[in-house]
Structures are given as structure tokens and as C-alpha cells.
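To keep things clear, I will list the structure first and then write my remarks on it.
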Amino acid sequence: MTRSFLTLGDLNREELFEIFQKALKLKAAIKARKEIFPLKNKVVGILFEKPSTRTRVSFESAAIRLGGHAIYLSSNDLQLRRGEPVKDTARVLGGYLDALVARVYDHRTVEELAEYSGITVINALSDIAHPTQAVCDLLTILEVKGSLDGLTLAYIGDGNNVCQSLLECCALAGVNIVAACPEGYHPKAHILDNALRIAEKSGSRITVVDDPTEAAKGADILYADVWVSMGEESEKEKKMKAFKGYQINADLLSIAAKGALVMHCLPAYRGLEITDDVIECPQSIVWQQAENKTHGAAAILAFFMDSE
Ligand code: CP
Ligand code: NVA
């Protein structure tokens, strides 16, 4: 059966940990320059409606390193730009490709691509979710800490796509998460409810608060995302005001647990959501986090494409 990865709801806990293990194995094999071909003769399309450095290149590189091929498809260069419906595009691409990694504005687009293409569709970021980011982030924490048990992650910022996937992924993995978001920028109620439901099984504590200091106090990981997401540029001024105070800086780090890790999905805007001294400090694991996007991508491709 063809399976897609649109949100963390598409994985159970065992499968999430299987992907972590697969990623660590593939990372070791890639570092040892071993030849590995789980995607031999497979063609992966990378269809993006928005810019990307990490997600695009990490998936392209992963597909190639696993023996497959990657084709980058900017939505601007497809007939989509001239109004060809998503469902028609999906049915056509389904005949050419074995999987499609898609970054879209509206989450409904990845759902439609999955519904009509008949191939594995991987959500590379939508307005609702960034599931591959969350999987790769928890992979990095697991790699650094050796275990996820008993950890608390404090997310500081906008309760949108990255935060929402972290809530669900932490709930699945059994990691406690406190999200501090300004009023008007809390995660969507149905996603929070979903995370709380998943957490009933894993035992993780899921909380959303207004105050960044309440979230950061004693946390093992401080996590930032940009204040102004792609496509929200017209709201920049309003968001700058709303997010003032939601910055990961030395003061916030000083109240976290001793040796707390600092993470950021990137791209980072130094002086806004994070200060330069904190992103560059020894506790910052952002570059390892960014590198692991390709090892996580490799495991996600191998896992979902194998399930066909
Ligand atoms: N973190 C992340 O998704 O980065 P890109 O926008 O560069 O892909
Ligand atoms: N919330 C950000 C994430 C960037 C990786 C955005 O949607 O632009």
C-alpha cells in the first residue's frame, strides 16, 4: 500500500523510532562512504512553491546518495502557475515519479497531491505542518543525548507549522514540550488536542503558555523558529510587535537547565528570534541539526518508499 507522510499522524511510535534507527545507520554508512542503494532506479520529484535551502537540498542529496534520482520542480516552472489543477498535475506526475516531496502554501495541496498521484507524497512544509523537520530535530536530540527519556523541550515563538509538528512528534516520542507563543499565535486547537491525545499513551507533558520564561525554566532544549514565516511578509510589522520578548537570548538560556541545548530550524534572523551569541554558543547544536535533515530525509524516503 502506498503511504504518504503529511503530518505526524501518519506514523506510530514504533515507526518513528524505526526511522530514527534507520537514519543513524544511513548516516554511519554515508560517513563511511559505503555504497547503499535502497532507492536504486527510483525517481523522486521535489516540488516546491516556496524557497528552501535545507529541506530541498537535503532531500535531493538523500535521494541521490541512496542510489535514486531527484528532479527539482519549481511550481513556477510547471503549468500549475498557469492554472492547471493540482489534481491533474498530481495524476500526471504520478506516472513519471516514484515519490514526490512537496513544499506548499496550503496544506490541502499536499493532501490533494497524495490523493490523486498514487505515489508517496512527503510534506516538506505547509501552513499547518513541517513533519520532516520535527523528525530530524528529535533524531538530533536522540543522537546528542543518547536517549529522549525525561527530556523537556521549550519552543519559543510562533505556534504555526514547525511548532505544531514538534508538539505531535514530542507527544509520539515521549518528550515533554512547553510552547510559549504570544496571544493570537497559539497552535491550532485541533492539533494541540491531537498531541494531547497521543501524549496520553507516551506519557509526555504537552503545555502551551504565553510566557517564554515559564517555558524556558529548567528546560533541556530551547528551540526557535523565525518570527515571520514564508508568505507572511505583509504582516512583518505586526509580528515584530507581537513577538518582542519571544527571543532566545543569554537571559533565557540562563534559566534553562544547566547545559541546555539550543536549536533552531533555520534560517535564523540574529537579533530577532535568537541572539548571535546564543546561536554561536557551545550549547547550540543548530549545524548538527541542519546536517541531520539529510540523514532523516534518507530514512524517511527509504521507510515510506519501501512501504509501497
Ligand atoms: N528548516 C527548513 O525547512 O529550512 P529551509 O526552508 O531552508 O528548507
Ligand atoms: N515557520 C517557518 C519555518 C521555516 C523553515 C516558515 O513557515 O517559514
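Think of each number as a place in line: the chain as shown, counted from 1.
Cβ from N, Cα, C; glycine included.
Quick look at what TrEMBL lists:
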type    : residues                                                                                          : note
BINDING : SER52, THR53, ARG54, THR55, GLN79, ARG103, HIS130, PRO131, THR132, GLN133, CYS265, LEU266, LYS293 : carbamoyl phosphate binding site
BINDING : ASN161, ASP225, SER229, MET230                                                                    : L-ornithine binding site
DOMAIN  : 3-143                                                                                             : domain 'Aspartate/ornithine carbamoyltransferase carbamoyl-P binding'
DOMAIN  : 149-303                                                                                           : domain 'Aspartate/ornithine carbamoyltransferase Asp/Orn-binding'
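Where TrEMBL records a feature, it is marked here on the structure.
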{"residue": "SER52", "record": "carbamoyl phosphate binding site", "Cβ contacts under 8 Å, 6 or more apart": "ARG103, ALA124, LEU125"}
{"residue": "ARG54", "record": "carbamoyl phosphate binding site", "Cβ contacts under 8 Å, 6 or more apart": "LEU266, ALA290, LYS293"}
{"residue": "GLN79", "record": "carbamoyl phosphate binding site", "Cβ contacts under 8 Å, 6 or more apart": "THR89"}
{"residue": "HIS130", "record": "carbamoyl phosphate binding site", "Cβ contacts under 8 Å, 6 or more apart": "ASN123, ALA124, ASN161, VAL162, SER165, CYS265"}
{"residue": "THR132", "record": "carbamoyl phosphate binding site", "Cβ contacts under 8 Å, 6 or more apart": "PHE5, THR55, PHE59, ILE122, ASN123, ALA124, LYS293, GLY296, ALA297, ILE300"}
{"residue": "ASP225", "record": "L-ornithine binding site", "Cβ contacts under 8 Å, 6 or more apart": "TYR155, GLY157, ASP158, ASN160, VAL162, CYS163, HIS264, CYS265, GLU273"}
{"residue": "SER229", "record": "L-ornithine binding site", "Cβ contacts under 8 Å, 6 or more apart": "ASP158, ASN160, ASN161"}
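Checking the binding-site residues ARG54, SER229, CYS265 against ligand 1, the ones with a C-beta less than 6 Å from an atom of that molecule are ARG54, CYS265. Applying DSSP to the domain 'Aspartate/ornithine carbamoyltransferase carbamoyl-P binding' (3-143) sorts its residues as follows: 74 helix, 22 strand, 45 coil. The secondary structure of ASN161 (L-ornithine binding site), as reduced to three states from DSSP, is helical.
The binding-site residues considered are MET230, CYS265; of these, MET230 has the fewest other C-beta atoms within 10 angstroms of its C-beta. Here the binding residues for carbamoyl phosphate are SER52, THR53, ARG54, THR55, GLN79, ARG103, HIS130, PRO131, THR132, GLN133, CYS265, LEU266, LYS293. Their largest Cα to Cα distance works out to 31 Å.
Counted within 10 Å of its Cβ, the other Cβ atoms near ASN161 (L-ornithine binding site) come to 25, all protein chains included. Among the binding-site residues ARG54, GLN79, MET230, LYS293, the residues whose Cβ sits under 6 Å from any atom of ligand 2 are MET230. In the three-state DSSP scheme, LYS293 (carbamoyl phosphate binding site) is classed as helix. Under the DSSP three-state reduction, MET230 (L-ornithine binding site) is assigned to coil, being neither helix nor strand. Of all residue pairs in ASN161, ASP225, SER229, MET230, the annotated binders of L-ornithine, the farthest apart have Cα atoms separated by 12 Å. Taken as a whole, the domain 'Aspartate/ornithine carbamoyltransferase carbamoyl-P binding' (3-143) shows an average pLDDT of 97 in this prediction. Taking the centre of the Cβ atoms of ASN161, ASP225, SER229, MET230 as the L-ornithine site, the nearby residues of that chain (Cβ within 8 Å, site residues left out) are LEU125, HIS130, ASP158, ASN160, VAL162, VAL226, GLU232. The Cβ of LYS293 (carbamoyl phosphate binding site) has 26 neighbouring Cβ atoms from other residues within 10 Å, across all protein chains displayed.
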